[in-house]
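Undergrad: The structure is given below, and queries will be raised subsequently.
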Amino acid sequence: MSIYVASRRLSGGTTVTALRYATSLRSYSTSFREERDTFGPIQVPSDKLWGAQTQRSLQNFEIGGERERMPEPIVRAFGVLKKCAAKVNMEYGLDPTIGKAIMQAAQEVAEGKLNDHFPLVVWQTGSGTQSNMNANEVIANRAAEILGRKRGEKCVHPNDHVNRSQSSNDTFPTVMHIAAATEINSRLIPSLKTLHSTLESKSFEFKDIVKIGRTHTQDATPLTLGQEFGGYATQVKYGLNRVTCTLPRLYQLAQGGTAVGTGLNTKKGFDVKIAAAVAEETNLPFVTAENKFEALAAHDACVETSGSLNTIATSLMKIANDIRFLGSGPRCGLGELVLPENEPGSSIMPGKVNPTQCEALTMVCAQVMGNHVAVTVGGSNGHFELNVFKPVIASALLHSVRLIADASASFEKNCVRGIEANRERISKLLHESLMLVTSLNPKIGYDNAAAVAKKAHKEGCTLKEAALNLGVLTAEEFDTLVVPEKMIGPSD
C-alpha cells in the first residue's frame, strides 16, 4: 500500500493533510485493523497497540511533532498506576485472569518496553484524557495478546477493565506526581548531592588562599577562595533542602477522586489501597491525597516544586557565572581560576578554550526559569473542579527536573571537579587592591582611610606610600594593620 493510500485511510482528509499526517508516523504501516469507539470505526496501524481514541488524537492534535511527545516518565508512571489499579480492582471483583494480564502488560509499560506505542504529544486536552486512553488502549490490547487473543477484540476493555474505578481527571494528576517524585529522587537529588560535595571539597582545598573580594563588580575586602566556594556549596545545599521539602505534597495522590473529587464509581477504601500499592511499587512514601477536590482542581504542589527548581536555577546561574568570570583570560581577564580545558573553543581563533560547561549550565537555568513561568500560568488556570493545563505543567516540570539533574552532573564532572586556583594571579590582584585600606579604619578613621585610597589611586602609588606621605601612619603601623590574612574574619 502506498504512503498516500495508507494516510488517506488513517485521516480521511485531503491529500495534503493525508501526506502531512503520513510523515508524522514513526514508521509507515502497510496494514491496518479496525478499532471502534463511541464515534464509530477507525483504521489503526496493525503493528501498533493503541486503539481508536489514540488514533483520533493523533489526527486531531498534529502539534509540534516528535519533540513534543508526552514525557517518558509520564508513560512509565501510567504503567505503574494501571498495574496498581488492576491489583486493587481484583480485590473489588475484577476477574483475576483479566487483572493479572493487565498487571503484566502494565509492567511492560512501566519498564519502557512499549514506549513506541505512546505517540501522543503534550498539546491535547488539558486533563490528559487522550494520554490516559492511550495507556488504557495499549495495556488492554497487550493484555489481550497475553491471553492469546487478538488486538482490538476488547476481551480486555480499555475503559471497563483497565480504567476501572478511574477517571482521566484523577489518573493524570496522579501520574504527574508519581513521575515528578520519581525523577526528583532518582535523578535530581543524587546530582545535586554530588555537586554539593564537590563544591564543599573545593572549599576545603582552597581554604588558605586569600584573595580579593568583589562587590558591585568592584574591588572589596579580602576573603579566602575557600570561603567563596563555601558560599556556592551552601547555595546548592539549600537548594537540595528546598526541593526535598516539596516532596510531601508530591507524595499525595489524587487517585480515587474520579471525575470531580467525590470518588464516584469507586469503592470505599480504593483510594487508600491504590496509594499504598503505588508506594510499594515505587518504594516511595505515596499516600492518598488529604483532599481530592484540591488534588484535581489545583496543582499547587507542582507549582511549589517548580518554584524550588527555579530557585536552584537562580543559584546555579550565579555560581556558573562567578566561576566563568573568575576563570576569564587566560591573560587579559581576572584569571583567578584555571578551568578544565575540555574542547577547542573557536573555529577561527586557534588555541582558544571557552568555559563551555558554565555556558551550558546558564542556558539550562534560563530554560528552567521559563518553564517555571509556564507551570505558574498553568497552575493558576484551575477552573472550578478541574485544572485543564495538566499536560503542560507535567511536561515543563519534568523538563526542568531532567535539565537541572543532567546539567548539574555535567558541570560537576567536567568543570568543578577540575578547577584549580591560579595562586600567583590571586596574590598579585590581592596586593594591588586599594580596598585593603579598610583595615585602617579602626586606627585612622574612615575619612583618613578614604584619603589614603584616593591618593594611591590618583598618583598610582601603593597604599603604604600614600599613608606615609599623608603622615597618618608610620611604616611599622601600616605593616601591622594591613595584613590580608588577618582580614578574613572578625578580630579578637
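Indices start at 1 and increase along the chain as displayed.
Note that Cβ sites are derived from N, Cα and C of the backbone, with glycine treated the same way.
Sharing the features that Swiss-Prot gives for it:
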| type | residues | note |
| --- | --- | --- |
| TRANSIT | 1-28 | transit peptide |
| BINDING | 127-129, 157-160, 167-169, Thr215, Ser347, 352-354 | substrate binding site |
| ACT_SITE | His216 | active site, proton donor/acceptor |
| ACT_SITE | Ser346 | active site |
| SITE | Glu359 | site 'Important for catalytic activity' |
Undergrad: Whose Cβ, among the binding-site residues Ser127, Thr129, Thr215, Asn354, has more other Cβ atoms within 10 Å than any of the rest?
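TA: The most densely surrounded of these binding-site residues is Ser127.
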Undergrad: Which residues of the same chain, at least 6 positions away in sequence, have a Cβ lying under 8 Å from the Cβ of Glu359 (site 'Important for catalytic activity')?
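TA: Sequence-distant Cβ neighbours: Ala320, Arg324.
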Undergrad: Applying a 10 Å Cβ distance cut-off over all chains shown, what neighbour count does His216 (active site, proton donor/acceptor) have?
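TA: Around His216 (active site, proton donor/acceptor), other Cβ atoms within 10 Å: 6.
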Undergrad: Please list, in sequence order, the residues in the chain of the residue listed as 'active site' that are at least six apart in sequence and whose C-beta is under 8 Å away from its C-beta.
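TA: Those within reach of the residue listed as 'active site', by Cβ under 8 Å and sequence separation of 6 or more, are Lys352, Asn354.
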Undergrad: Based on Cα distances to His216 (active site, proton donor/acceptor), point out the closest of the binding-site residues Ser127, Thr129, Pro158, Ser168.
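TA: Smallest Cα separation from His216 (active site, proton donor/acceptor) among Ser127, Thr129, Pro158, Ser168: Ser127.
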Undergrad: Take the Cβ of Lys352 (substrate binding site) and count every other Cβ within 10 Å, whichever protein chain it belongs to.
TA: 11
Undergrad: Sorted by position, what residues of the same chain at least six away from Ser168 (substrate binding site) have a C-beta under 8 A from it?
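TA: In sequence order, the residues whose Cβ lies under 8 Å from that of Ser168 (substrate binding site) (at least 6 apart) are Thr125, Ser127, Gly128, Thr129, Asn132, Met133.
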Undergrad: According to DSSP, which kind of secondary structure is Ser127 (substrate binding site) found in, if we only use helix, strand and coil?
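TA: Looking at the DSSP assignment, Ser127 (substrate binding site) belongs to neither helix nor strand, so coil.
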